[in-house]
Amino acid sequence: MAMEGAAQSEYNSSTEGIQEHSSSPRKSQSPPPSSDHDENKISIKFLLSNAEAGSIIGKGGSTISDFQSRSGARIQLSRNNEFFPGTMDRIVMVSGPIDDVLKAVDLILNKLLDESYVEDGGDVGLRSKVRLVVPNSSCGGIIGKGGSVIKSFIEDSRAGIKILPQDDNFPGLHDRLVIVIGTLGEQMRAIELILYKLAEDTHYVQNMNAPFPYAAYLGMNYGPPNGIGGRYPTNRYQNKMEPNSEDGNNSVTIGVADERIGLVLGRNGRSVMEISQVSGARIKISDRGDFMSGTSDRKVTITGSQRAISIAESMISKKVATVTES
């Protein structure tokens, strides 16, 4: 996967001299809404891991420049230490006329899908997940009265669409995640329908200019508030803090349901190694049959600085939560 290198300054700005153009007509089950919005610029945000962001940027910014030239849209990414609150994921914002934005998103998702297929040796499901970032005030339009709009989008696109609750652990955060699950074609149709609906929302169009207003959350812990696992009740998440005054480190033991521990381990231990490398924490998973007292949850012991533990906890909770989101 491509490294970001020294061209970081290029990634957060558009390529100069790009001429706007319409992409080829999109195939869909029914015609898109009126093209009255095509002349107006709009933006869409979604999340990428650091590795995915590096792949989209390409060596020296070559891939992102190519995608901008081919689509006519502007593609911006948050810096490699600027994450969406409560995650370890960067934000990508694609801006331009709707057709150009959709073409750019299609290029990005196509590349990620191809690389996932190669990395896993072809053993990968046809359905994947995209996490859109949408203002809370605009989610009502996507849902519709009695859920009518989102139901119609699901029927039309055949994708799974789920709007996650707003995260109250980050005061002042007014964005929610909209999960779109399906094949690439299903995802793109769903994103097309969502984007046209958002284009009808004047508030959305006027307030999508600031790409990454999340810097205020960089110093906040990513794990459960006060070290309490109640933030993840559906995952039967438990933890216990044991301060170690000798080396200045802390040790936290959390419980993860036995049937979901494989999500934390990953294939050949890749997931747990990635979590350890990114967070800087040491992670130990108990043997089979060694459970948290009174439960059938495996023990996951995380050792390191409080920040390292918080990051590791957040990454583990995200891995476990993928089951409930799919």
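Here the Cβ of each residue, glycine as well, is placed from N, Cα and C on the backbone.
Features of the protein shown, as given by TrEMBL:
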- 9-21: compositional bias 'Polar residues' (COMPBIAS)
- 40-113: domain 'K Homology' (DOMAIN)
- 126-199: domain 'K Homology' (DOMAIN)
- 248-321: domain 'K Homology' (DOMAIN)
- 1-39: region 'Disordered' (REGION)
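With helix defined as DSSP H, G or I and strand as E or B, the domain 'K Homology' (40-113) counts 37 helix, 20 strand, 17 coil. Using DSSP to sort the residues of the domain 'K Homology' (126-199) gives these counts of helix, strand and coil: 37 helix, 20 strand, 17 coil. Per-residue pLDDT, averaged along the domain 'K Homology' (40-113), amounts to 91 for this model.
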